[in-house]
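**Student:** Let me begin by handing over the structure; questions about it come next.
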Amino acid sequence: MGKTGKNLNIDFVISTGDNFYDDGITSPYDCQFQDSFTNIYTAPSLQKPWYNVLGNHDYRGNVDAQLSPILKDLDCRWVCLRSYVVNADIVDIFFIDTTPFVDKYFDEPKDHVYDWSGVLPRNKYLNNLLADLDVSFHESVAKWKVVVGHHTIKSAGHHGITKELEKQLLPILEANEVDMYINGHDHCLEHISSINSGIQFMTSGGGSKAWKGDVNEWNPQEMRFYYDGQGFMSVYLSEAELRVDFYDGYGRVLHRWNTYKKGIYTDI
């Protein structure tokens, strides 16, 4: 990542959630923040802002700790809110808190304890989140709209389709002509094109643990790329072009996809 970041002269980094395993962090002074973030991403090219979303594993810890401004004092790169928008001139990036959408975390938590402070009452929280997102889309004048959430909407990986997001979030993304949805959760690299809209679904969940061979069948008209190993992705944007590269852990390009506002695309 460090070498690729240097070659691309990146502006910032995005984390797709599950920032700390297995159960988030306990406080802003939890040693995991240093051990799993500050002391890991030490390359000079990665000393840029890191925009994070919360994953389900983060909700098993102290959520307020990850949202605390103390973390930014400890490492100035750290940016983490529940849901927020980053305005980057030609692109608006909408970060969505997807964990509260998933029913099983409430109905069947098993042995896990989730920190729902700030989320309850759940229906009000989700309704406000979706309403605010819709308003933000309408107010956006950026050339490109990119959405980042932890959970999958479309995926052939272990977790597959998140039904709650497919029902509640996807229609809003389609109605507002979002260009790309980026998620983690499934431990793979993946690119699915929607046949019903122009949305590209990108899974970047190979930053640590990878699930070899854990893949399900998917419509070949939509499946453009699937890799069950470790890796990461990069995004390049200009006023006319959006380009995505997927890399393995050695920084080798496995898949490249680009599109233009006219809707022309190529892939390798």
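Positions of Cβ are set from backbone N, Cα and C atoms, glycine also.
TrEMBL entries are annotated by machine, without manual review.
Feature list, courtesy of TrEMBL:
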type    : residues             : note
DOMAIN  : 6-188                : domain 'Calcineurin-like phosphoesterase'
BINDING : D18, Y21, H187       : Fe cation 1 binding site
BINDING : D18, N56, H150, H185 : Fe cation 2 binding site
**Student:** Want to know which binding-site residues, from D18, Y21, H187, are within 10 Å of H150 (Fe cation 2 binding site) at Cα; which are they?
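**Tutor:** Hits: D18.
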**Student:** Where N56 (Fe cation 2 binding site) and D18 (Fe cation 1 binding site) are concerned, what is their Cα separation in Å, rounded?
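**Tutor:** Here the two Cα atoms lie 6 Å apart.
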**Student:** At a 10 A cut-off on CB-CB distances, which of the binding-site residues Y21, H187 has the highest count?
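**Tutor:** Within the set of binding-site residues, the most crowded position is H187.
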**Student:** List the other residues in this chain whose Cβ sits within 8 Å of the Cβ centroid of the Fe cation 2 site residues D18, N56, H150, H185, in sequence order.
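**Tutor:** Once D18, N56, H150, H185 are set aside, the remaining close residues are T16, G17, L54, G55, H57, D58, T98, T99, H151, G184.
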**Student:** Run through the Cβ atoms and count how many others sit within 10 Å of the one on D18 (Fe cation 1 binding site).
**Tutor:** 25
**Student:** Out of H150, H185, which of the binding-site residues is least crowded by other Cβ atoms within 10 Å?
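**Tutor:** Counting other Cβ atoms within 10 Å of each of the binding-site residues H150, H185, the minimum falls on H185.
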**Student:** I'd like the number of other C-beta atoms within 10 A of the C-beta of N56 (Fe cation 2 binding site), please.
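**Tutor:** Its Cβ shell of radius 10 Å holds 21 other Cβ atoms.
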**Student:** Cα-Cα separation of D18 (Fe cation 1 binding site) and H185 (Fe cation 2 binding site), in Å?
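**Tutor:** Checking the Cα atoms of D18 (Fe cation 1 binding site) and H185 (Fe cation 2 binding site) gives a distance of 8 Å.
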**Student:** Between Y21 (Fe cation 1 binding site) and H185 (Fe cation 2 binding site), how many Å separate their Cα atoms?
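**Tutor:** Here the two Cα atoms lie 12 Å apart.
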